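One structure below.
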Amino acid sequence: MLSTLQPPRCSLSRFPLHLPSKPFFFHSKPTPLSSPYPIANATLTDQIATSASSPSLHSQILSIRHSLLSRQFTATQLAESYLNRLRALEPHLKSFLHVSDSVLSDAREIDDKILRNEELGPLAGVLVGVKDNICTAGMPSTGGSRILDGYRPPFDATAVRRIKELGGIVVGKTNLDEFGMGSTTEASAFQVTANPWDLKRVPGGSSGGSASAVSARQCVVSLGSDTGGSVRQPASFCGVVGLKPTYGRVSRFGLMAYASSLDVIGCLGTTVADAGILLHAISGHDTLDATSSKREVHDFTSQFTAADSLESKPLKGLRIGLIRETLDNGVDGEVSSAIRAAASHLEELGCSINEVSLPSFSLGLPAYYILASSESSSNLARYDGVRYGNQAVADELTGLYQNSRATGFGSEVKMRILMGTYALSAGYYDAYYKRAQQVRSVIQKSFKAALDENDILISPAAPSAAYKIGEKVKDPLAMYAGDIMTVNVNLGGLPALVLPCGFVRDGSSDLPVGLQMIGAAFDEGKLVKVGHIFEQTLPDCRFVPPLLADHIGG
């Protein structure tokens, strides 16, 4: 079921795109011989990234819409340009497990609508990557697991259906840690995804494929899932924006369950505006998900303020709480420096910055892993080769169950199922699961108290920048510890926005660092507003990976 885009790795030299000659394409300059990266020739995607059509709102989605309506180019030409870049970079990045074969036909339908002067949806022509644990009709949806290899759902997840209804084009399914269980995308059953900033490093996880694809401009935006930081940590590692909504804001129908009380579908984009537009498109009540909220969804785009219209202190009066425990020992010094510099920038924009203490913060990590593993052991019981999942050959029923799960699940999934089953067992339920739920209540109360005194809380999105592939595979505890900045937000059910705020130097690589903004429940609008102003006014930062930097202005 894997995409055919799986040729053997080749030398990382210039990787040209073979594009049709179009007057609006930019021509690329020769790649310097010293460049260690495969650089795709500049294309229409680069023109979109640097387009002046909507410079004030800093959004590829709005630029695409403007260009289509003004007939600067067609949706088909745009789709071809993105597909060319995707194919050129995919052998090195391995962001996608499957690429849709209907992208160009979907784009032609949009062009036909334009010719007929029909109304276009707000996502018309926008290529969207979808994490492979989110169901897509007629397209492989494996959850990154061998046990679902070849599975093609007969339905779309609600979030995917809403994107399609608004004109968005699903370009393909992105790689992930199996069933969302991991922080590096190395636990995928099919392939390991690389970070566009340094091909020897992980993109984060479990939504590493979605983050890598957006960072490399293989798609405009993407969907991921976030159970304990799986949208936000990859966003930090890959230098893109990751937006985790409040639990219940987006329907979970069609999302393969990992930990049902923690799972949410989130959005990734190159700008806050794009992530906010995508979130608005997929939000709202859904009768197919009993946990989805009936709260009104406000138009997040109304929070956008053009850079040239900003006052000298556009965030005057906003109270920002810097979580003290997130800058303690265990956090890379350069990461701490980048976060403090971001706090200083917010102060220059008019915010008042206060350090706040959340004494229960360190308790979140063990509580999260007990709760998430417990719920996963229950949710994944359905994959037995009879109800769901590929069936192994066996002579009797017990052997069929055992063989199907033994060959279908990877080692990380098996470990978490065992951990969860142990925590839920009769002799240990009170000692582990019940106490973890009590800790969850304490964390929720501490967040409420802090957000009563502050409008937004800030912290790093991860204690370090992206680390090397294979560096933590044999040390799962060290890998789990990397989630300490994000898991508390899921336990609290709160929204959070991660956006790039600076860099750390590691050898010859400049690696991006993400700032996490945490808001009160259902207050995504405030996060989007503050994040949009922050990214437009952040000086001297250009978050474009080296393999694209020669051709994209940012």
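The backbone N, Cα and C atoms fix where each Cβ goes, glycine too.
According to TrEMBL, the domain 'Amidase' annotation covers 78-527.
TrEMBL lists K131 (among others) with the feature active site, charge relay system. For K131 (active site, charge relay system), other Cβ atoms within 10 Å of its Cβ number 32.
Per TrEMBL, active site, charge relay system is recorded for S206 (among others).
Here TrEMBL flags S230 as active site, acyl-ester intermediate. Taking Cβ-Cβ distances under 8 Å and a sequence separation of 6 or more, the neighbours of S230 (active site, acyl-ester intermediate) in its chain are D177, G180, S183, G205, S206, S207, G224, G266.
Cβ-based neighbour count (10 Å, all protein chains) for S206 (active site, charge relay system) stands at 34.
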